[in-house]
Amino acid sequence: MDKKAIDKSKLPSRHVVMGPQRAPHRSFYYAMGLTRDQINQPFVGVASCWNEAAPCNISLMRQAQAVKHGVAAANGTPREFCTITVTDGIAMGHEGMKSSLVSRDVITDSVELTMRGHGYDALVGLAGCDKSLPGMMMAMCRLNVPSVFIYGGSILPGQFKGKPVTIQDVFEAVGMHSVGNMSDADLEELEQVACPSAGSCGAQFTANTMATVAEAIGLALPYSCGAPAAYEFRDQFCAMSGEKVMELIARNIRPRDIVTRKALENAATVVAASGGSTNAGLHLPAIANECGIKFDLFDVAEIFKKTPYIADLKPGGRYVAKDMFEAGGIPLLMKTLLDEGFLHGDCMTVTGRTIAENMASVKWNDDQDVVRKASTPITPTGGVVGLKGNLAPDGAIVKVAGLANQKFTGPARCFDKEEACFEAVKNKDYKEGEVLVIRYEGPKGGPGMREMLATTAALYGQGMGDKVALITDGRFSGATRGFCIGHVGPEAAVGGPIGLLQDGDIIEIDAVEGTLAVQLSDEELEARRAKWQPRETGYGSGAIWKFAQTVGPAKDGAVTQPGGFGEKITYADL
Ligand SMILES: CC[C@H](C)C(=O)C(=O)O
Ligand SMILES: [Mg+2]
């Protein structure tokens, strides 16, 4: 990037390194070996969610070095820093899962504070596990300095008895083992081979769903999110992201120029088209909130309703993320959706060009069956559906990709926390035809709105995926399959109808019509509400308690602060 193209006198770092009064600050940079020229260049924060908690994040340190090379090659000065990540595959099924969603907003806040504190002029964010991707993208929208996002990449599939497997198979094997359909020896062999490399959970689960969102919303370079983490080939995209952010500074192209309502609609479209994680129904409103855009679960569901399901990806389909990469990556999915009019082509992206301009060079690949043409879909509507009704006045969400039957009516069997339901499932202490209800697991009521993969996978592993339904004011992992309805709002902790249910109430679920109802009169519900009492969560201090004090409803993204609605001057303009 031509140095003259950037006027540093208008950049945030001018407050840190320009003028005699900033001699002490420059002294610190000399202490780290920077030269005067480097101090006089734009500073680029290279924010990484690296940690050793899980394979999702472990390769990000390597990839961050490639980003820094790209920044430096384009006459920028990279400054690497880490934020946290809570990994769901480790947190699943116990109290630790209450930290997962809370960590999304902590990631956003910590990146914001580091960028503001040091006056960095631009941001390249690297993330691997699930909610760290929206956490990083939320920070980019909040700060609104030129930014490029890059996903760390998917894990490679394991091989078990000649078949490709992912972590989803291990969670479901717990259910098979619990009913004697898998031996101890097979379970031990499976857990040792299912996850062979670095990278995030290997199919269209939440991490790969949000990676697909990153390219579709325009914050990641085309093709940059597709290559598996173990392929060092992907580091070229890291370097390109570092170079590209310098061009965005010169052209003053910022995240809120990119993340518009149309871009959010494009993101929701690729989620539905790929049968992606229901967590996108939470994270897209949260990203929108940081831009001051009202885009809630119902807006997302409207897009879902009119989008064909075209990518045959696990958990509902046959293939994993590596297969998608080899078929042509996220651009292949976007190409057919754009050609058939399902995407807005005039949205700006971090390439400095529009979606349509980016897709012009993408060639369709007939020599694959991972992605169908949008004109010949797997099913005519999206793999994910929004629901509403007297049991969910504030909405709910269900992944229908791969579901043979999309209607279910049955008696409620209520549990006031996930562990109680898991015990019942593990001991087969439930009946076919029941609707299992897990409540007091919402954003405030958990607190933390846990994912319920341990329970849903055990059910599916017992062969009961279409024989019982499960509804919760909590949420699901992207690897959840079966008739599982999440994000039921209002949540039980604030007096929502799900908290008024009693065993035996008849619940009607209709994912075709988009309804979730209980066969009770308004009078009966009101009578029960009059007797309802709020409950203690057991958290009276700390990060999870703090989250519960300010978190809003799931339909608006379970965010802990009103986003860009109120602020007049973003950090980028200080
Ligand atoms: C085990 C991790 C799982 C795949 C997940 O948490 C998600 O996709 O949301
Ligand atoms: Mg998850």
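A Cβ is built for glycine as well, from the same backbone N, Cα and C atoms used for every other residue.
Of the residues Asp88, Asp105, Asp169, Asp416, TrEMBL places Asp88 in the same Mg(2+) site as Asp130, Lys131, Glu451. Looking at Lys131 (Mg(2+) binding site) and Ser477 (active site, proton acceptor), their Cα atoms lie 11 Å from each other. Per-residue confidence over the domain 'Dihydroxy-acid/6-phosphogluconate dehydratase C-terminal' (369-558) averages 96 (mean pLDDT, predicted model). For Asp88 (Mg(2+) binding site), the number of other Cβ atoms no farther than 10 Å from its own Cβ, over all displayed protein chains, is 32. Ligand 2 lies under 6 Å from the Cβ of Asp88, Ser477, out of the recorded positions Asp88, Lys131, Ser477. DSSP assigns Asp130 (Mg(2+) binding site) to coil in the three-state reduction, outside any helix or strand.
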